[in-house]
Amino acid sequence: MDFTKYFLLLISLFVVGISRIANASDPDILSDFILLENQTSACGDFFTYTGMRGIVHKVQTTFAVTKASLAEFPALNGQSVSLAMLQFPPGAVNPPHTHPRASELLFLVKGVLEVGFIDTKNVLYKQKLRAGDMFIFPKGLVHYQYNRNHYKQAVAISAFGSATVGTVSLPLSIFGTDINDIVLSKSLKTDVGTIEKIKAGFPKP
């Protein structure tokens, strides 16, 4: 195969790969934007979200997430983007979780955070972030954030490549559901009594 044919093959494979990535996210729309049902026109208010006003200066006592996703901001429908503000009181943790429909780009606005994700080979990639740093969490992989500073809060903004990212919390999915205690004890190599104690700290399904 000569260089020209090889180059064209690589370009073709690249285009196919990009199209598959695009198809794996939110579907493309055939209009500039999507209005609400029975809505025939829009003004600037439709494209404006004010739900985060004053949030930055609000003191949180537990880890808090303020979302601007399709559920809160209908104008995001079809735009393949959403945002969340993460607020970490001193020592707070955003427990291990996944986003099945989008990658996450985190920008640390204030404080310090330990962040990390685990790939499909069970390799942990972690980093200590300072204000102004960014970190990418690949789509679908288990990840977490931890405010290692037990005296000061941390604030981050996360951008997602979907208007409906979905969140699966590992602790809640494992211990906050009706998975059989024996299944969990054998899987986690512990006894049923320990599983029952852990489950007691989670809301009942």
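For all residues, glycine too, the Cβ spot is worked out from N, Cα and C.
What TrEMBL records for this protein:
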- 1-24: signal peptide (SIGNAL)
- 53-196: domain 'Cupin type-1' (DOMAIN)
- Asn94, His99, Glu104: oxalate binding site (BINDING)
- His97, His99, Glu104, His143: Mn(2+) binding site (BINDING)
All-chain count of other Cβ atoms within 10 Å of Asn94 (oxalate binding site): 21
Cβ neighbours of His97 (Mn(2+) binding site) where a neighbour is any other Cβ within 10 Å: 17
Remaining residues near the recorded oxalate site, that is with C-beta within 8 Å of the centroid of the site residues Asn94, His99, Glu104: Ala84, His97, Thr98, Leu106, Phe137, His143, Gln145, Ser158, Phe160, Val165, Thr167
Distance, His143 (Mn(2+) binding site) to His99 (oxalate binding site) (CA atoms, angstrom): 9
Averaged pLDDT, computed only over the residues in the domain 'Cupin type-1' (53-196): 96
Residues of the domain 'Cupin type-1' (53-196) by DSSP state, where helix covers H, G and I: 21 helix, 57 strand, 66 coil
Between Glu104 (oxalate binding site) and His97 (Mn(2+) binding site): CA-CA distance (Å): 12
C-beta crowding around His143 (Mn(2+) binding site), within 10 angstroms: 23
Residue pair Asn94 (oxalate binding site), His143 (Mn(2+) binding site) - Cα distance, angstrom, rounded: 9
